[in-house]
Each structure stands twice: as structure tokens, then as C-alpha cells.
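Single-structure report; data block below.
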Amino acid sequence: MSGISLSLRQLDYRDWFQRKISRDIYGNSTWLTGIDLQKELTGHTGCVNTLDWSADGEFLLSGSDDTRLIVWDVFNEYKPRHLISTGHVQNIFSAKFVPYSNNRQILSASGDKLIKLFDLDSSKEGGMDHGMETQTRCWSCALDSVKNIVPCDNGHTFLVCSEDGTARQYDIREPHVCNQDLDCPSILVNYNPYRINLYTITMSPSNPYYFAIGGTHPYAFLYDRRMVKKSFRDDWTMNTSPEKDCRCVRKFSPDGSCNSQGILDRYITCCQFSAANPNELLVSWNSDYVYLFHVHEDKSYTPTFNKIEDSNKKPSKPSLLQTQPLKRKNYSPWYKNNFGASTPASRVSRNPYTAAQPRKHTFYQMYENIEKFFTTENGGLYESIVSGRLSHFSRSIQYVKDAIYFLENYNYIPDSNGLNHSIRVSALRYWRACVSILALMDDTVSLEPNTIIQAGWGWLYDFMNWVTRYLLGISDHWALQMSPPTNVARQNFVLCDPDEPSRVLFSNPSEMIRAFARIDTNDLSSVRRFFWIHKVLRGCLLLISSDIYWEQFQPWDSSTSDVTSSQRLDDENGFLTLLEPPVNYENEVESSSGENIVSMYTGHSDLNDDDDDYQDEESYSYASDDDDESDEDSDEGPTLLSLRMKKRKAVEPNVPVNTHVKSYYGHCNVESIKNVNFYGQNDEYVMSGSDDGRFFIWDKLNASILAIIHGDSEAVNVIEGHPRCPTLAVSGIDSTVKIFNTENTPPSGCSRNHTSNSYKIIATNEMNRQQGSRDSYITSRMLSHLAYRAHLDDGFGHEVLDTDACSIM
């Protein structure tokens, strides 16, 4: 008996030790820095769209485009334990173990609009392969692809969302027959009348009556199942509204607002409640970032689609770009936060710069005039500008900022003489760099988010950004890493003195970079400062300008008609008379004392308040709300877009909106539907995939990037953390599942951990994200409708396109 007691004590001690090890290691930040690929699981023949660990951590479930489910035995080297041929005829988007079923029951949802329940105990044949004999239930209520399944913790009920705009609740114990209409008792939320597709649904584990949904609408919605009128069958009619089915109690949006354009081009790819902290909700937007919300946040915004001013809102920490609450996709918090906490507030403007006067020059004339600010030859104004006369300097700054604003927001594109898009982007970047360099020459100049160099534009811009940040006191000397110069740049680069073109300052990029790196950070004399600003950076500007085909502006300018004057800045007097200051402008400048010298323009009363989003260097301006109204009132009648916008504005109009408390950036979420997840013993980390084939892990509290791991050849869409062990399962476009932990040390040069190269990765992703934010999206509903209208038949009554086969993940 004593031997048995000793064995029991040993078992208890072993269990206690294992639990302690799990608590100490699981989600440890030190472990995260050493994470790498352990194993790659092969068995699927299509993209793996869904992963789910069993509650005990013994099995991993995966579902794929090949319509099969595989259950992997975790503690038997991840060998396949069960292979299920589901009978689905389209991609499997979601698959989950049913709680309390001893890992024997599995739910699956597919693009064929079906939800199926499989019971492995019902298989009559032994072995690993299973077929339709294991299917015990099938629900066919949805009118479109079923995207997500969330099992309830009771083991009987589960929630689903579909691209038909509905969220539904089922009970596996109850029989259910449906004729695929909207008169169905399973419906909790019905957004079908608003033409909204739902992509994600999540339920709070601690408060299971709360669930959140998101899709092709800029808001995420929180619902309370306790307010569902399930007892009154008469309430379920064809005209059932979301308010009658289930009550929405909160909406979520970054900064608590969205603009009109966002109603159509922004959508949510994933929502996820925290298991450890029921008040926390993660939401991921396409072409945007991951945001953390507090469900019961006291501070909420009045729901509106107009511009929201919150002058009392204080930023969480000082930064260079302390702006208006961030209006989506225009400039990045990555750039904002990397400007550091030490930035003088006097150099900061809260709003993007906005011109206060009409355009007086063609764009080619603007180029010629701005060139004069940095040259001394051929009537150059450089010496006059830097001579110390504030009126010269402030007006030159205003002129460049106006040029940026006009080119960003000019939307007239002639059919025959269209301005090359790459030239437009190059010009905007160059003029932004001009503003940054001018800001170094005078301490009273403020920077706006649309007038600053951003990382990722190229190695020379990165170098100028590095120098500018350092000289402005924005970051320490080594705070910014650079992308390496290209081979062409190494061969052709020669930087000459802008005042003495025959004098070579640097003959290759490496020489210039090393020279700046050797600067004594504690002793930057005025002579050195003058050299790097007025010689090196000014020379870089002229070098960049020489590579831009400015002549392409001329034929485009000739077809424009909004220029009020064609006067050039031929001399200093012409320059001063052309830029006539507004009333009290000189007094404003002279009394600025370091404040924004153009603040009077950013709040000009004539500006369109609905134009919340300034367009950066790669975008064209969109129609404002006023434009939408005028379209609706035109002789041609309302447009499809205006009608859709009106419908989506009407979704839950009186529900309070919560703003985010944290944002996580660095990844790119444009090309596919990606999930987002918590990780750690107390959900202290945030994880998301990226279009570059990597996945990111952030510290939840300070939003810093802890790890960047390569997980797929194209894009990582799914990341799931093991419930007990420090292990991650990752999948994406590849047909394999990757298992990541720290058990294996990869050979030198073979590591998938790319955290050390974070700067270049983040900069590249930011550029791709901004480009993707301007690409129009198209849903499967839209694609099917277009296909139906365009290809009903081939003219002889023969169908040439199966619209039901059109599906987008």
C-alpha cells in the first residue's frame, strides 16, 4: 500500500511540475524570441484555411480547399490520426472540435453553404480514413458561403456567420429543416437587406451571451444573445430586421469613427475575444492594422459618419505625428510611433496640411518654382530664403505644402494626356522631402503627416529620413535602419556640392552612410549641421529631382483649367507678390514662437469637413459626402454606390461606438481573409498573419513587435496557439501546416525567424498596405452578379459561366 501511495505522490508531483513548467514557459517572451519551425505537416492538397487544437491539446484539426479534414496526433509526431472526406463540394473555411465530445465530434463549414457534423464513433470501418458515413447532421440554411463556426462551451449549441449577411445559432440536439430563406428561427442577426457579407464571428468565453461579428462594413458589432426574441415565432418574418432578432449593444471602429468612403472600401477580416480577459476584443481590418478594444469602455463616441472633433482627447504618448484621430489608411502609426517620445510638441501639427488659396500655377510651373528654393543659379532663391528673412522662408514652406495638397487632391485625369501615376507618386515624395529639409533650416516650421518623408520609398529617401530625424532630435543616432542601396545606385551614385557642381562630396553611397554614422552624437557643431543640411541633403534633393521626368506634367497641365494665374516666380519680387498672405498672416508668423506657422489654414472654414481622409502619394481623391448627395439628386438618378452607401449608413445608427485602446502594425492584410489571435497564459500577446508569408507577434500592452516569423510561401492566414504547450500551428496558401516552437535549432542561414530584419519588412509591408488600401475589393456576391449580367449565355442559349462556382476566400 505504501508503494501505491508513493507512486500516487510521484504522479501528483509530476503533474504539478508539468503544470508549473507550462505556466513558466507557455508564452514566455524569452521563448518567443527563439521560436522557429519544428515540423511541416503534409497531407492536404489545397490551401489550409482552418486550424483548431483540441481542448486537451492532444490533437490538431485542419481543413482545406481539398474539402478534407485531417486530425493530427500531436504526441505521436503529428502523424495523421483521422482523414475525413467530408463530401463538401467547395472550400472548407472553418472546422472545430465539439466541446465535451472526447474529440470525436467535428463541425465543418464550407463555401457550398453547408454546415456538417461528423461523429468519428459512427464509422463502421476501422482505420484512419473516414467518409460520409461519419456525417450525422447537415444544415443548409445559408444562402452563401459559411465562413466561421464558434462552438459554445455547453457542447450542444454553436454560432455561425455567412456571406449571406446572417449570424445563426444551432443546437445539435434539435432537428432542423430549412428551405433557404430568411424566415428561419436560427437567425440571430440579419444584415442581408444591407448587402453586407459577414466574414467573422467570435463569442466571449466568460460571457457567452456576448458575440461580435464583422464583414464588409467598417464597424464591428457586439450583440447580446439575452435580448433575442426566440419565444415569439411570429416575429420571424421575411422583413425581419436586425433589431428584432438580436440587439446590438456596441459598435467598434478605430478612433470611434469612419468616413463615407470607408463604408464601401473597408471591411473586417477577423474578430477575436480574449479568453483570459473577457473585456478585450481584437479586430483586424483589411488594408489596415489590428486594433484592441475594451468592450465595456466608458468613453464612447456618438455614432456618425461625419468628421468627429475630440479636442479633449489626449494621445497615449507623445509622438511627432500627434494627429487628428487616425483616419484610415492615410499614414501609418508605424511611422508615427517611430518618431519617438522625445519629439518637441512645437514641431507637430495635429491635422494634415490643407491649402487655403486656389491653385495659381500649373504643376510643371510648381516644379520649376520649387527647384528655385534649393538652387542659386538661373534665378534661384536659395540664398534669399536662408538669409534669415522669415517672410521668405515661411512662404516658401507654404508654397511647397500647397503643391503637395493640390497634387494629392487633384482628380482630373484626361483621356489622351493622362499623367503617369509613377511620376505623380515620385513628385509627391520629392516635395515631401523638400518640406522635411526646409524644416531643418528653421526651428519654427511644423510638420504635418502629409508633408513628411516616410520609410520604404527607397534607400536615398531612407538615408534622408535618418538624417532628418536625427537632426530634428526625433530619434537617436542608430534608431533607424536603412534599406541597402541597389547595385545601380552603387555604380552611378555621385553626390556633388549643389553650390559648386564640380566639387564631389561623396562618390558612392557607402562612403556617405559611413560618414554620417561617424558623427559624434554629443557634439554636432553648427558647421557640421550646415554641411549635412545645406550641402548633403540639398544635394540629395537635386539628385532625386534629376531622375523625375517632370516634362510629363506639361501635356497634362495644358488640359487643366483650374489654374487662376500662370505667373512664374521669375524673381524675388514676383515670388513675394504671388504668395499674398491671408489677413494677419505676418502677425501669425512673427508671434508663432515655435507653433505651427500655417495652423490658420488647417482649420479654414471653407474646407470641406467631410474630407476626413487626406490622400497620400499614391491615391486619388474620392468624392465627399456632398458629392454623393449631388449624385443622388442628379437627373440620372441615384447610383448603385450611393444607394449601397445609404443602406450601410442605416446599420445600427443609434448604437454607441467604442474607440480602440491599442493598435498593432507592421504586417500587411490586403490579399486574403486573415485571422487574429491572442496568445499566452493571460493572453498577453497578439498574433496575426501577413501577405508577405510571415506572421507577427506583438506585446499586447506596449504594441512592440516581439517576433516576425516566415510561415508560408505566399501569405499566412491562420495562427493558433497550443492550449498548454509553447507551440504554434500556422497555415496559409501552402497545402502544409507548419508547427513552430523552440525544440529545434535550425542550421545557420535556415532560420525562419526574421525579427532581426524588422525595419525592412515593416517598410515593405507598409508600402504594400497603402497600395492595397486604394485597390477596389469585390465580394463573391458582386462577382456572381457581374458574371450573371455579363455572361448569361453565349448567344445560343448555352451557359458559359457557372456563377455559383465563383468564390473568394
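The backbone N, Cα and C atoms fix where each Cβ goes, glycine too.
According to Swiss-Prot, the repeat 'WD 1' annotation covers 43-82. Annotation source Swiss-Prot lists repeat 'WD 2' at 87-128. Per Swiss-Prot, the feature repeat 'WD 3' maps to 141-180. Look at Swiss-Prot and you will find 193-233 tagged as repeat 'WD 4'. Taken from Swiss-Prot, the feature repeat 'WD 5' covers 241-295. Per Swiss-Prot, region 'Disordered' is recorded for 599-644. As annotated by Swiss-Prot, compositional bias 'Acidic residues' applies to 608-636. Annotated repeat 'WD 6' per Swiss-Prot: 668-708, in sequence order. For 711-750, the entry in Swiss-Prot reads repeat 'WD 7'.
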Non-local residues, at least 6 beyond the ends, that sit with Cβ under 8 Å of the repeat 'WD 6' (668-708): 23, 26-27, 29, 32-33, 35, 147, 199-200, 269-270, 272, 274-277, 280, 282-288, 290, 292, 337, 662, 714-721, 728, 730, 732-733, 753-755, 757-758, 761-762, 764-766, 768-769, 772-773, 775, 809
Averaged pLDDT, computed only over the residues in the repeat 'WD 5' (241-295): 81
Chain residues in Cβ proximity to the repeat 'WD 3' (141-180) (below 8 Å; excluding those fewer than six residues from its ends, i.e. six or more beyond): 90, 93-101, 105, 107-115, 117, 186-203, 205, 208, 211, 213, 215, 223, 225, 246, 673, 779-781, 807
Residues from the same chain, set at least six apart from the ends of the repeat 'WD 1' (43-82), whose C-beta lies under 8 A from its own: 88-97, 99, 103, 106, 108, 110, 118, 120, 128, 130, 717-718, 720-725, 729-737, 739, 809
